[in-house]
């Protein structure tokens, strides 16, 4: 067969000869037919090329989504895959273990809010806030003869807020400067003994940074007796900055140490590290997928919703918790009173859980993600559909789960040889439970290991008993029942201890007096 180019040239020559000769209407129609056939063949080739390109792009996208799903829901008892599919690793350096994959995607609630039926549930919560406001106004009108909204609890909780913000400044500056400078010291050429001195200096700086970041908020909170909300800001920032510092060094240092002796490695840019300190993720990457622009109305809406959740929580505490627990320590202890208080606290407890989830994991993180054009908004998954506690722990807070999975579970498997999955999982529960208990202890100002027991003991047992093999509506109902009871226990016991420590102060400060629950013996 003749090549296509030869046929095209022959066709053009024939058309040129026909143009030189007088031709009739029939020859003109024939030339147009030949041109149409050639154009059709060309378009078929273009269509085939476009389909192949689109198929390749779609295959890579689906492989990425499938890998993310497999990573999120590992098979029970089966081996975990160590590298992404081939289509994801083409043209990229292979990395040991599974790495967090960032892609542009919206938060799940933003997608659900596009459905009218789900928006109605959101409207019901807003109506509940309106009912609280109306009830507060009605009670004030009946009891005091005036219409006035009092925010005593809110003002008390956020007392000394400027001091908390001033304490945050050196915490942030230390995190901004020390880890990055330590990495730059290690990124210089490793020839000679100067590198050992720089490494030693870097270790000293990191120890000083960690000690300062751990001690400064505690000293300020104890010396100035900060109220709960101001303490909450400090402790959350303390934990966040420590986790971000570790992630930055954990991701960047191995590349520096693997550089050949006598050569230096270029450290990540300071702008990428600064961006990481503010973006809503705890896993460091040099770059992240970015959205094209900032929707400032979306930012304002999320901040307004977060503020509304804070007001909602204050109304719930002042109307459903304070009247019940304020004078409970003045009455004789009884099992009946304890059980009734726990049952009474289940409703405000589950409301507080939902408000914390919506205010922080959705509104606050999405607002910062939008301002920074951070593309991956999967801060949580559909934890409310969980039929097992293992799935609930993975989907409730994806931001923290990714950090624990990457740096505690995976690194634990690497240190233990890859076979001690139970020990690595226990380490995750232990670290998470201890940090949760520390946060509660810091915010409330006393040690009462309710969260530690519920999270580590009961939560650990439920994680192994209610695993992913259990599906169906009954298991989802059981999970929600356990959440209701768990929140009721926390709200009841912590509120009792809060008021007991105010009604029955210690005549003399001792170690056992600080760690022994006061609500067990305070009955004035």
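Cβ from N, Cα, C; glycine included.
Among the ranges 242-265, 266-289, 338-361, the one that TrEMBL lists as transmembrane segment is 338-361. As annotated in TrEMBL, transmembrane segment covers the listed stretch 474-495 rather than the other ranges in 474-495, 496-517. Per TrEMBL, the range carrying the annotation transmembrane segment out of 96-117, 162-183 is 162-183. TrEMBL lists transmembrane segment for one of the ranges 55-76, 121-142, 363-384, namely 121-142.
The transmembrane segment (303-326) makes contact with the transmembrane segment (121-142): 3 or more of their CB pairs lie within 8 A, with pairs spaced 6 or more apart in sequence.
Segment contact is absent for the transmembrane segment (338-361) and the transmembrane segment (438-462), given fewer than three CB pairs below 8 angstroms at sequence separation of 6 or more. Residue environment of residue 436 (active site) contains 17 other Cβ atoms, counted within 10 Å of its Cβ in all protein chains.
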